[in-house]
Amino acid sequence: MPRPVSLRPAVPALYSLALAAVVLGPLLTSPGYLLLRDAVSTPRSFPTDSALGLTDAAARAVPQDALLASASSVVDGGLVVTALLTGALWAAGWGSARLVAVLLPTAGLPARLVAATVGAWNPYVAERLLQGHWSLLVGYAALPWTVVAAVAVRRGDRSGWPALAVCLGVAGLTPTGALLASVTALAVLAPPGGRSRLVPRLAGAVALAGAVAAPWLVAT
């Protein structure tokens with residue numbers, strides 16, 4: 001007889017999604033648009049000079065505002081921001097659980113759920129939510145996945161490179177996120193050891209970091 005399918009591997013992901021829904025409950029259950037400090041969501045955003053980094057001001061809104069303008073031309077802008085926030089907290093919790101599974105494979109499910117809880121709900125997340133920094137939370141959510149991908153690269157797993165590129169790209173929604181993810185990746189890849197060669201993996205990580213930073217570096 002075939003073995004019954006176990007849902008145990010999916011528990012951290014489902015738990016993190018439920019936790020994200022609880023944390024964002026007021027946003028998910030209230031009508032209207034998010035208007036809180038720096039978070040101003042509207043039905044439609046437009047690619048202004050500021051969004052494209054064409055003004056004399058610091059390019060802090062590049063490329064997040066351009067992405068929001070593009071997405072809101074297809075989907076309501078309020079839904080876009082809500083989906084990004086929900087996805088960020090979900091990914092932060094799930095990624096933290098995955099990080100424990102990769103680095104501490106003997107740790108059981110309770111340890112992974114604790115990691116998911118801390119990853120999705122902590123003082124940093126609370127402060128960013130209260131300040132309306134939704135894009136910083138997207139970058140924050142990419143950090144545990146960045147470590148997981150970088151560890152895979154160290155271990156000689158070629159699938160780690162595409163995963164690392166995606167993580168850095170997501171974090172690159174803001175300059176701060178790009179820097180945090182790049183430093184995190186290099187911190188994992190720089191120490192000697194592992195099954196992959198040191199110089200090629202560092203060169204690859206630096207190249208990815210430079211590509212991710214290109215939008216705001218060029219704008220600046």
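Including glycine, each Cβ sits where the backbone N, Cα and C put it.
TrEMBL: automatically predicted annotations, no manual curation.
Taken verbatim from TrEMBL:
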type: TRANSMEM; residues: 12-36; note: transmembrane segment
type: TRANSMEM; residues: 66-92; note: transmembrane segment
type: TRANSMEM; residues: 99-121; note: transmembrane segment
type: TRANSMEM; residues: 133-153; note: transmembrane segment
type: TRANSMEM; residues: 165-190; note: transmembrane segment
type: TRANSMEM; residues: 202-219; note: transmembrane segment
Could you check whether the transmembrane segment (99-121) and the transmembrane segment (165-190) come into contact, where contact means at least 3 Cβ pairs under 8 Å with the two residues of each pair 6 or more apart in sequence?
no
Excluding the flanking five residues on each side, which residues at least 6 beyond the ends of the transmembrane segment (66-92) place their CB within less than 8 Å of a CB in that stretch?
13, 16-17, 19-21, 23-24, 27-28, 32-34, 39, 41-48, 51-52, 119-121, 125, 129, 134-135, 137-138, 140-142, 144-145, 173
